[in-house]
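K.L.:
Pasting the feature list from Swiss-Prot:
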- 1-28: signal peptide (SIGNAL)
- 29-249: topological domain 'Extracellular' (TOPO_DOM)
- N38: N-linked glycosylation site (CARBOHYD)
- R94, T157: 4-aminobutanoate binding site (BINDING)
- N138: N-linked glycosylation site (CARBOHYD)
- C166-C180: disulfide bond (DISULFID)
- 250-270: transmembrane segment (TRANSMEM)
- 271-280: topological domain 'Cytoplasmic' (TOPO_DOM)
- 281-300: transmembrane segment (TRANSMEM)
- 301-311: topological domain 'Extracellular' (TOPO_DOM)
- 312-332: transmembrane segment (TRANSMEM)
- 333-420: topological domain 'Cytoplasmic' (TOPO_DOM)
- 421-441: transmembrane segment (TRANSMEM)
- 442-451: topological domain 'Extracellular' (TOPO_DOM)
Amino acid sequence: MKTKLNIYNMQLLLFVFLVWDPARLVLANIQEDEAKNNITIFTRILDRLLDGYDNRLRPGLGDSITEVFTNIYVTSFGPVSDTDMEYTIDVFFRQKWKDERLKFKGPMNILRLNNLMASKIWTPDTFFHNGKKSVAHNMTMPNKLLRIQDDGTLLYTMRLTVQAECPMHLEDFPMDAHSCPLKFGSYAYTTSEVTYIWTYNASDSVQVAPDGSRLNQYDLLGQSIGKETIKSSTGEYTVMTAHFHLKRKIGYFVIQTYLPCIMTVILSQVSFWLNRESVPARTVFGVTTVLTMTTLSISARNSLPKVAYATAMDWFIAVCYAFVFSALIEFATVNYFTKRGWAWDGKSVVNDKKKEKASVMIQNNAYAVAVANYAPNLSKDPVLSTISKSATTPEPNKKPENKPAEAKKTFNSVSKIDRMSRIVFPVLFGTFNLVYWATYLNREPVLGVSP
């Protein structure tokens, strides 16, 4: 029984092998022939499309305006240079238009081609108005894509890296916001020949990759699109504009500038708590803090272009500098009045000593005169002489010595100016910080859209 079953299985396998394998070979040959036929068909289609095609002439020449639909996909945005007022952007730049001369009929609705075909047909002469430098990537092959639909609609995509100008208004720096434009349009064709249209709405015509931001000092808030017409001596041209809205991050500047300035001002106010006779210590505090503020103000300006107006950081540094310099002037004032106090104390002590010596001399002179006048009478009378000899010589009444006031009490006393400064300076500086930060941090970012 088992032997019969094995024989049956072997016969079945043999039958499948003899029948299926030739069928598979025939099917493979048919598919290969179809592929060869498709290649032949598409080659003929391309040859027919290019036969008599003049890529020097735009589509619809003399009949209609060529409409070019555009959209942008941003793969990388940044960095942004404040000193040069420019930014770098890496994009897939897509353009779509219709060319009736490229209609075809075939087994496929879309022909997917590379850059070689793009050089043989008419393409828009798009350029970037505010671009300083533009690079078309060519590694390992030119990064270009061309698709032709059977109705003559073409999609032309290329990868570009553009360095574009970004006008900045730095009055609110570093709490500022900017709108960096990307402007492009036709170089040779006026609005009566070629016009540009955004393919989708504002959010879809310009898209940024989720991980496309390359910004360390900015947040990319979003983007907007627009369209305008400019006039020149050669005619009117369509200009497409995409604005990228940026808000600066303040964290770096808080650590680099604001905190050092605040700590320097606080350090300058420590001198109010030192004795006013500590001239070297208070001088070191004043001079060191002034020099520190000067260094901070210079370093803060190095990361900015040389603008003719003051920024928000400049105002903060200027006020901090004024507080530090005022602390030094306060010490000079206290020291000046301290020296005058020494002179007054010295004069009072000297005058008291002179008056004391003069009173003693007057008393001694009076006593000497009295003795000289009455001495002869006492010598003639023996009784009086005896009494005078036995009597003790009267001494002038001595007044208690007036000890001069110790100068140390006047010199070591705390100055009224220091007492006032300990309260006034911190209160004023705290009020300034409260007003400054409340004003700038609560202000809505003003995105200036440049024309």
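Cβ from N, Cα, C; glycine included.
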K.L.:
Helix, strand, coil: count each for the residues of the topological domain 'Cytoplasmic' (271-280), based on DSSP.
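P.N.:
With helix first, then strand, then coil, the topological domain 'Cytoplasmic' (271-280) has 5 helix, 0 strand, 5 coil.
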K.L.:
In the same chain, who gets a Cβ under 8 Å from the transmembrane segment (421-441) while lying at least 6 residues past its ends?
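P.N.:
Apart from its flanks, the transmembrane segment (421-441) reaches 172, 175, 262, 265, 269, 272-273, 312, 315-316, 319, 323, 326-327, 330.
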K.L.:
Could you give the number of helix, strand and coil residues in the topological domain 'Extracellular' (301-311) as assigned by DSSP?
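P.N.:
Final tally across the stretch: 1 helix, 0 strand, 10 coil.
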K.L.:
Quick one: among the disulfide-bonded residues C166, C180, which has the most Cβ atoms sitting within 10 Å of its own Cβ?
P.N.:
C180
K.L.:
For a quick check of understanding: among the recorded positions N138, T157, which residue's Cβ has the most other Cβ atoms within 10 Å?
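P.N.:
Comparing the recorded positions N138, T157, the most crowded Cβ belongs to T157.
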K.L.:
Tell me the Cα distance separating R94 (4-aminobutanoate binding site) from C180 (disulfide bond), rounded to the nearest angstrom.
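P.N.:
C180 (disulfide bond) to R94 (4-aminobutanoate binding site), Cα-Cα distance: 20 Å.
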K.L.:
Where the distance is taken from Cα to Cα, which of the recorded positions R94, N138, T157 turns out closest to C166 (disulfide bond)?
P.N.:
R94
K.L.:
Please give me the CB contact count at 10 A for R94 (4-aminobutanoate binding site), counting all chains in the structure.
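P.N.:
Result for R94 (4-aminobutanoate binding site): 17 neighbouring Cβ atoms inside 10 Å.
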K.L.:
Measuring Cα to Cα, tell me the gap between T157 (4-aminobutanoate binding site) and N138 (N-linked glycosylation site) in whole angstrom.
P.N.:
13
K.L.:
Just the number: how many Å between the Cα atoms of N138 (N-linked glycosylation site) and R94 (4-aminobutanoate binding site)?
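P.N.:
N138 (N-linked glycosylation site) and R94 (4-aminobutanoate binding site) have their Cα atoms 17 Å apart.
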K.L.:
Could you tell me which three-state DSSP class R94 (4-aminobutanoate binding site) falls into?
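P.N.:
DSSP call for R94 (4-aminobutanoate binding site): strand.
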K.L.:
Other than its close neighbours in sequence, what residues sit by the topological domain 'Cytoplasmic' (271-280), given a CB gap under 8 Å and a spacing of at least six beyond its ends?
P.N.:
286, 327, 330-331, 334-335, 338, 411-412, 414-415, 418, 421-422, 425
K.L.:
Should anything in the same chain at least six residues away from the topological domain 'Extracellular' (301-311) have a Cβ under 8 Å from its Cβ atoms, list it; otherwise answer none.
P.N.:
82-85, 168, 170-174, 318
